[in-house]
Amino acid sequence: MERMLPLLALGLLAAGFCPAVLCHPNSPLDEENLTQENQDRGTHVDLGLASANVDFAFSLYKQLVLKAPDKNVIFSPLSISTALAFLSLGAHNTTLTEILKGLKFNLTETSEAEIHQSFQHLLRTLNQSSDELQLSMGNAMFVKEQLSLLDRFTEDAKRLYGSEAFATDFQDSAAAKKLINDYVKNGTRGKITDLIKDLDSQTMMVLVNYIFFKAKWEMPFDPQDTHQSRFYLSKKKWVMVPMMSLHHLTIPYFRDEELSCTVVELKYTGNASALFILPDQDKMEEVEAMLLPETLKRWRDSLEFREIGELYLPKFSISRDYNLNDILLQLGIEEAFTSKADLSGITGARNLAVSQVVHKAVLDVFEEGTEASAATAVKITLLSALVETRTIVRFNRPFLMIIVPTDTQNIFFMSKVTNPKQA
């Protein structure tokens, strides 16, 4: 079963992620608790999802950085968590518990039914595009033609995750790969073209989740102001990059002296924004070590509008492919990858195990807007006159970018830019 994520376009251009879960051979949900009319519980579970999503995002980020500390990072925690939650529909016993705990859900406070309800509500909320902001998220199952799925699983997959199902001939691996990749390509508006590179003929099912986001900056950068400038990879090493700029504006700003970093927020039109975190020289590791849900909350709560004389941000396009198996093992999701896996909620028999979880993300940041898997908006206004004491913010060294909705603590995309020229 595989799930593909559409891309999200953001103020700069950001693109999207696609995680996929491949299954090879090897708890009942309470309908009443999952009704769309359950508004009171909806607020509770939505907050629970956002909190777990942030915790999962930072835990995953730290593992990705450990593997490649000097590389760019780009991923959609929400896309990955949705794909794994989708998989958990068919999991039982230890396999189920490991997946949900790995996603950072507190199972003593939130039931399995509430977790799926929160994803159901999120999907309904996301799939509401407007002229200002295009945002959609989807799920799909690619199932071996001879595999018989339980009615309960297919019904829950459709009702909770809006999942489409496609009969797939995995014996013809080239055709199966094309079918899946074409689905992802269409869902991400062409941003993700080769999510699946290798497909075993023994594959029984592929789960795909996709998220697409497209938005414009409330205050776009003027292309005529973009110029070549230095981006410092270290104190003594730099590369020349196209540097965008804004002048004389008022934006949410916070100087975090405790963590030696500067935080600014740039808004998109619509309900989305991007947080940019700029550590002081040689302070990136200290900031990364303190990436916690409470840190993000403190940053967002501490933002105050401030007059900025000049803001410089590189124009860039980065993409990364990840095989998440080892990282998910580090996060406690182990049994699903072994012969002990209990995914009997899918077929009724314990004959499936996860062989691979792959994820691809693309982020494009440019003058007019962003295309990516998530977005949040922050208002930027021009000053009527030059300020006497000018604050200048230069993103000319490694920085972090987090794309968030303005009304929740969810994280749609998270990126670390160590080298804008490193595609």
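The backbone N, Cα and C atoms fix where each Cβ goes, glycine too.
Remember, predicted model here, so these are calculated numbers, not experimental data.
Check Swiss-Prot against the ranges 83-108, 343-368, 369-394 and you find region 'RCL' recorded for 369-394. Across the structure, Asn127 (N-linked glycosylation site) and Asn93 (N-linked glycosylation site) are spaced 32 Å apart at their Cα atoms.
Cα of Asn106 (N-linked glycosylation site) to Cα of Asn93 (N-linked glycosylation site): a distance of 16 Å. When secondary structure is read from DSSP and collapsed to three states, Asn106 (N-linked glycosylation site) falls in the coil class.
For the glycosylation sites Asn93, Asn106, Asn127, Asn271, the greatest number of Cβ atoms within 10 Å around a candidate Cβ is found at Asn271. Counting only the Cα atoms, the space from Asn186 (N-linked glycosylation site) to Asn271 (N-linked glycosylation site) is about 24 angstrom. The two recorded residues, Asn271 (N-linked glycosylation site) and Asn93 (N-linked glycosylation site), have Cα atoms 39 Å apart. Its Cβ taken as reference, Asn186 (N-linked glycosylation site) is surrounded by 14 other Cβ atoms within 10 Å in the chains shown.
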